[in-house]
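Participant: Pasting a structure here, questions to come.
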Amino acid sequence: MQRVTILGATGSIGVSTLDVLARHPEQYEVHALSAHGRVDELAAQCRRFRPARAVVGSPDAAARLAGMIADLPTEVSWGEQALCEIAASRDTDTVMAAIVGAAGLAPTLAAARAGKKVLLANKEALVMSGQLFMDAVREHKATLLPIDSEHNAIFQSLPAHYARAPEAAGVAKILLTASGGPFLKRAVETLEQVTPEEACKHPNWSMGRKISVDSATMMNKGLEVIEAHWLFGAPADLIEVVIHPQSVIHSMVSYVDGSVLAQLGNPDMRTPIAHALAFPERIASGVAQLDLTAMAALEFHAPDFRRFPCLALAFDALRAGGTAPALLNAANEVAVEAFLDRRIGFRDIDRVVQRVMNEVQHGAASSIEAVLEQDAQARSAAGRIVDGLART
Ligand code: NAD
Ligand code: MG
């Protein structure tokens with residue numbers, strides 16, 4: 001019996017994870033669930049999965065949840081400390097890290113430091129503190145399995161005992177596929193007018209709002225390039241982004257002998273979730289088998305960095321190193337939130353990120369404190385820039 005904690009249980013990944021777990025009650029048991037504000041959903045999940053603990057974002061939310069599930073044995077608490085506890089608990093083997101954004105960093109790191117099997121959906125944690133996070137994984141003998149569909153596909157396409165050394169494994173390129181999002185073909189001049197509703201309407205995947213906007217700007221792919229760098233020990237030049245609008249091939253690895261290995265499937269996150277949960281075995285995920293004969297032609301082309309400046313900014317941040325990716329991530333989180341609140345336009349997102357990268361000097365990512373300090377600096381600079389843009 002594998003005991004599982006889900007950080008961010010009410011989100012898109014959290015719900016898909018519970019869907020897979022529910023198909024295999026003899027193999028998996030839910031130890032703890034967390035949500036930020038969606039107490040009603042979390043209460044329903046607690047009723048169904050009966051976790052030992054449930055964690056929410058505020059004392060008010062905790063009081064509401066406790067009232068709703070008073071008849072259950074579930075212990076209710078709130079806040080970051082409690083998230084770290086359920087991530088590191090002796091009573092859990094596996095932690096699904098599916099909180100969105102920098103808020104996921106502390107509990108995800110706590111799971112790594114406790115040597116857990118960490119299923120990593122929260123790419124922002126790795127982008128912010130890649131070296132420190134990977135060091136913690138190694139030092140505490142945690143097992144890190146990628147949930148992001150591209151990284152899960154790359155993981156599946158690499159040799160079984162890949163040791164984060166691409167050259168030794170004969171890897172020539174990591175080919176990260178990207179759908180290109182909803183604005184792949186829209187006239188570039190009209191991107192200024194994009195609304196949050198349009199940006200959140202992804203052609204192939206159903207996801208949370210923040211990652212949906214990131215997919216529309218392709219910052220998501222940029223964050224994934226940085227994520228791939230840390231997960232697979234690959235320098236920026238070894239990672240290539242390929243636009244593939246059908247999202248059937250979830251990424252590929254190209255080897256020095258000319259072989260290209262890929263993982264294919266329907267675009268449904270339950271596949272990588274089931275893969276990581278059961279690894280190295282396989283379990284059913286509820287995802288339909290891919291019908292190759294019913295498939296449209298598969299297209300591939302190079303990304304246009306002028307249409308998607310955020311992708312170029314992410315490559316720049318990776319090459320700059322240190323805390324530059326943490327600055328990029330923090331500026332992007334602030335800008336996306338302002339865009340979703342209709343305070344700034346769609347194209348202002350890349351402007352805010354660019355200006356923060358220019359204005360805030362990055363440094364060494366020597367400790368989590370140093371990273372969080374830079375994260376705070378970038379957020380305050382981004383907030384100021386957003387206020388300026390919102391006034392004009
Ligand atoms: P979502 O917005 O649907 O869900 C986010 C979850 O995090 C919710 O449970 C929410 O309650 C919780 N949360 C939000 N803010 C929080 C805070 N400040 N403190 C604690 N908890 C908080 O997001 P999602 O689409 O499920 O994405 C989750 C993570 O997985 C992201 O990092 C995203 O990049 C990554 N990811 C998602 C997908 C996908 O298909 N949705 C694919 C690949 C990677
Ligand atoms: Mg992805």
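Placement of Cβ uses the backbone N, Cα and C atoms for every residue, glycine included.
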Participant: Please state which member of S157, S179, S254 TrEMBL lists alongside K123, S149, E150, H202, S215, N220, K221, E224 for binding 1-deoxy-D-xylulose 5-phosphate.
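Facilitator: TrEMBL names S179 for this 1-deoxy-D-xylulose 5-phosphate site.
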Participant: According to TrEMBL, T10, G11, S12, I13, N122, E124 bind NADPH; which one of G180, G181, G208, G222 is listed for that same site?
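Facilitator: Of G180, G181, G208, G222, G208 joins T10, G11, S12, I13, N122, E124 in the NADPH site that TrEMBL records.
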Participant: For G11 (NADPH binding site), write down the residues of its own chain that are at least 6 apart in sequence and whose Cβ falls under 8 Å from its Cβ; none is a fine answer.
Facilitator: A98, I99, V100, G208
Participant: Could you list, ordered by sequence, which of these binding-site residues: K123, E150, H202, N220, have a Cβ under 6 Å from ligand 1?
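Facilitator: Cβ under 6 Å from ligand 1: K123.
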Participant: Could you tell me which of these binding-site residues, K123, H202, has the fewest other Cβ atoms within 10 Å of its Cβ?
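Facilitator: Counting other Cβ atoms within 10 Å of each of the binding-site residues K123, H202 gives the minimum at H202.
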Participant: What does DSSP call E150 (1-deoxy-D-xylulose 5-phosphate binding site) in the simple three-state scheme?
Facilitator: helix
Participant: For E150 (1-deoxy-D-xylulose 5-phosphate binding site), what residues in its own chain, 6 or more apart in sequence, show a Cβ-Cβ distance under 8 Å?
Facilitator: L176, T177, E224, A228, H250, S251
Participant: Determine, using Cα-Cα distances only, which of these binding-site residues is closest to D148 (Mn(2+) binding site): T10, N122, E124, N220.
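Facilitator: Spatially nearest to D148 (Mn(2+) binding site) by Cα position is N122.
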Participant: Using DSSP, what's the helix, strand and coil tally for the domain '1-deoxy-D-xylulose 5-phosphate reductoisomerase N-terminal' (4-130)?
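Facilitator: Within the domain '1-deoxy-D-xylulose 5-phosphate reductoisomerase N-terminal' (4-130) the tally stands at 61 helix, 27 strand, 39 coil.
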